[in-house]
Structures are given as C-alpha cells and as structure tokens.
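Contents: one structure, followed by commentary.
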Amino acid sequence: MKKKVYRVRGKYLDEYGRGVVSFNHSMIPVPGLLPGELAQITLYRKGPQTLGRLESVLEKSPEREENICPYFEKCGGCQIYHMKYDCQLDYKTGQVARLFDRFKNIPGTLGMEDPYGYRHKVHASFGKDRHGKVIAGIYEEGTHRLLPVDQCRIQDPAANEVIRAILEAMERFKIQPYNEDTGTGMLRHVLIRTGYKTGQMMVVPVAASLDFPQGDALVHFLVKRFPKITTIVFNKNNGKTSMVLGHQQRVVFGRGYIEDILCGMKFRISPKSFYQVNPPQAEVLYEKALAMAGITKNDRVLDTYCGTGTITLISAKYAGFVTGVELNRDAVKDARFNAAQNHVENAEFVCADAAAYMGQIAVDFKREKYYNVVIMDPPRSGSNPEFLKALARMKPERIVYISCNPITQKRDVALMNRYGYGIRGICPVDMFPMTAGIENIVLLQRRREASK
C-alpha cells in the first residue's frame, strides 16, 4: 500500500542535524530538511520513535547547499552536508548557545577555510554487491548493508586512491572479501592514517589471518603504486564484532608507525593510537584552549584523559610543569616516547586512574605538587561524578574542559558549578565539518568564595 504523503514546514534543526516539524501535536525529526523549508514527507517507525522521510522539497531554504555528496542520503556519515558551510557554523554556535544559555558571550564557531578532505584517519569495509562484484565502502546508516563509495569528500583524497587501488589488487590477485556470516574470505577492512604535515602514510589491511597467500603481492603492489606509503601493518580480525581492528597485528613493511607534527611537536602514530582525525583543526582547538586558560611558566598543569600526550606536551611549551594521567599502558608508553623525541623535560606521565590520582593529591596535599590548572578531554559520554568530585577536592584555580559532546559537557559543568566553579569562557570549534558534531571548550574558574 502506498504511504501517505504529508506537507510540512521545517521549524529548526535538532542536535543530530535533523530538521524538525510539528505534526499532529508532535515534533517529528526529518533528516535532510532545513528550517523554513516546505516539503513532502512520509512517516516511518524506527524503534519507539516516529521519523519523517524527506520525499521532496517544495520551497528551498537559501541555506541549502546544492553541490552535495552523491552518497549523502544513504551514508549517514555526514548529517548537514546539505547546508552551506557558513550556515553550519551558525547552527553549531546556536546549539552551544542554547545549551549554555546563561552564558551570553559565546563567540562564533571556529571553522575551516577548506572544510573538505580533512579526515586523516580513514577506514573502508570490503564485501560483494548482489552481482558478486567486490566493493569497498561504508555501511548504510542503521543497517549492515555495505554502500559502495568511490570517493568520500571529507576524507584525505590520497586515502580514497589507496582504497580504489586495493580493490584493483583484490581483483588482480583474487583476494576474496571476508564474509562475517559464513566466516569465509580474507580481506575485511582497511585502515589508512596519514600525517598531515609529514605526508607519511600507514595502511592497515584487516584480514581473517595475518598470513594469507596473496599478502606479499598486495604489499608489493601498494608500495610500488604509492611511494608515500611508509608502513604497512597486517591486522587480524575474524570475530563477529563491529570493531575494525583486532588484537593481533604484524608489521610487514616499514616501522609499524608514522609520525606527524602538531603545534610544532612530533608525534608517533601507531595503528591503534588516538590522534585527532583533523590535525589542522586540532591545532586551532589546542591553541585556543591553552590561550583561554592563560597558562604561564608559573602554572602547574594536570592533563587528565591524556592519551598519547598531545595536549600534555603542547601545554608544556607554556607551563612550568605538566603531568599527564592515563589508564591505558600502551598510550602512556607512546606519550613518554613522544616526550623524549621532542626533548620535553618539564612533563611526566603517570599510568593511573585520573580520579584516584587526584583524590590522592587532595589527601596528601603538598604545595610543590599542587596543580592550579587541570585539562580534561573525556570521551563522548563525558566524565563521571567520582572524577568530578575528586577534581573539586583538589581545588585547582582553572579547569579547561574540552568536549566532543556539549550535552554531557553541560551536565558535568552544572555539577562543577555546585562545587564552586563558574564559567569564564566558551568557544565552539568545528572539528568535523559536514557533520552535526561539535567540539566545545569551556573554561571554568574557582569562585573566590569557594576558595575560603
């Protein structure tokens, strides 16, 4: 039976970048619709939620971008590609302003001059289409259907070329894509990481085995075709999982890592290392965060959730001393290596739970170990009450909170407000153009009355 078509007008964009319409006394999200647009939609259910499917736009917004990616409607990787870039920045500023409505001095979102080709960490999956042809691409949003993608506009163009070359090699050397349902085939994914400043490239083929007959041929083919490939690492993943990388890996060409330069410092990047996918904008983010904090040589800085030490080592250029705390031992090992190769002597790294570490400092207070500035950059889920309570007990003067999820950031900031910290600055940064993702910096300062 043909679905009923409704005529609606977009009211606003929600936090996921979806247009929202009023229908039968309910607010219905419609992906792809912009505020003010008159459109025809059909309705469908997704779990407990009713959504609108955009059928046609009758009256277009002047904010609509006509030159959009051909995969936009199915891919799901970009949510607001259909919006002009300056309007994307306004949307993100508005989202932050709505969440932090009591703080009135929020500047415009810091954007990019060129918002394309910024992803320097790229992965593609392999499979077959219904005709049996080997394809590479990404899974359609909310499904396990592989969408063949020839060229993603937000990825490093060189990575797109490598993916196409791997497809060519699979056909030439008869390498079958892995089938998770049957457990047959070999090549499952490829991960590609590129140094923005150095140009070094790492290719990580993810296969059902670390040793497969065509492995050497694939390596020789890629190295000959792309001189910028400096290392190739085979990774094994034959489990029923949505994770891209497995636990076992083997270096088959080069050193097993690449290097890149961020804010004038050199960093080693391994297949599993955390490193910002948008390095040029990461420089904007970090420099802005440290400038807002006003860090000087008189400051002792504690960097929680420090990972491989990027923010720690960059802040060491300005601070008297910096300590990075991280629970992952491999990340701490990389951080110490990065400190040594950059000849940073005023930084240390501690392998520990940050909340426990801060709690111990608060109990065993020593003036020479007092941190007056704390940097926190937690995962999307935000921090937790135990961490924030330990942070408050340590009583730093300033807290720099960097978040990729302003919603959980607002929750945590509200709790820190109860502990005596007020907002002194906010600045959104566009780390992920064409998506609804927002990176936001909040500077918190301890109120004088809370210090007594």
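Using N, Cα and C of the backbone, Cβ positions are placed for all residues, glycine too.
Listed in TrEMBL for this protein:
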BINDING   Q276, Y305, E326, D377  S-adenosyl-L-methionine binding site
ACT_SITE  C404  active site, nucleophile
ACT_SITE  C404  active site
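Known features from TrEMBL, placed on the structure.
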residue: Q276; record: S-adenosyl-L-methionine binding site; Cβ within 10 Å: 20
residue: Y305; record: S-adenosyl-L-methionine binding site; Cβ within 10 Å: 20
residue: E326; record: S-adenosyl-L-methionine binding site; Cβ within 10 Å: 26
residue: D377; record: S-adenosyl-L-methionine binding site; Cβ within 10 Å: 21
residue: C404; record: active site, nucleophile; Cβ within 10 Å: 17
Checklist entry - Could you give the Cα-Cα distance between D377 (S-adenosyl-L-methionine binding site) and C404 (active site, nucleophile), in whole Å? => result 8
Item to check | Rounded Cα-Cα span from the residue listed as 'active site, nucleophile' to Y305 (S-adenosyl-L-methionine binding site), Å | outcome: 13
Checklist entry - Secondary structure at Y305 (S-adenosyl-L-methionine binding site) (DSSP, helix/strand/coil)? => result coil
Next on the checklist: Please report the three-state DSSP label of D377 (S-adenosyl-L-methionine binding site).
Outcome noted: coil
Checklist entry - Hey, how far is Q276 (S-adenosyl-L-methionine binding site) from the residue listed as 'active site, nucleophile', Cα to Cα, in Å? => result 12
Checklist entry - Other than Q276, Y305, E326, D377, which residues of the chain come within 8 Å of the S-adenosyl-L-methionine site, judged by Cβ distance to the Cβ centroid of those residues? => result F274, D303, C306, G307, T310, I311, P378
